[in-house]
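Please read the structure below before turning to the comments.
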């Protein structure tokens, strides 16, 4: 299989997947190394394909036809991370990412795309197994999430609940 065919196969796999597909799985399906997949994903992105990398793997983003998006600035330590994310997904939100401001690098972003408790549990397990520090540890716990929901009302509820928990940052 040549590069063009393999990249076409990667797009087909991602397009048909109900969840993110990790690089190792793509490599096995395409019978190449994971590093080849990383290069293919970079080339597909350069050609305009909207592929994101989440903690659970690669995902082809489709345009959301309806819904609303809001940035929510939060501040907390590791002990409240799960509660924060549960509050968002349990009230109709999709946690698209986390962003922090870094004094040297500027804005740093990690794609999350957490839609459910199941997604959240997989993410929490990965964080615990990797012993990776929170991105927000670079900014004193202050970070921003882009949250997508079907309505402004759902976003309002999420914001109110985060404020009640003391997680929403008021500056």
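Note that Cβ sites are derived from N, Cα and C of the backbone, with glycine treated the same way.
A TrEMBL annotation is a machine prediction, not a hand-curated record.
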Given TrEMBL lists 76, 143, 145 for Ni(2+), the same-site residue among 84, 86, 154: 84
Per-residue Cβ crowding (10 Å cut-off), top of binding-site residues 76, 143, 145: 143
Nonlocal residues around residue 84 (Ni(2+) binding site), in sequence order (Cβ under 8 Å, 6 or more apart): 74, 76, 162, 165, 167
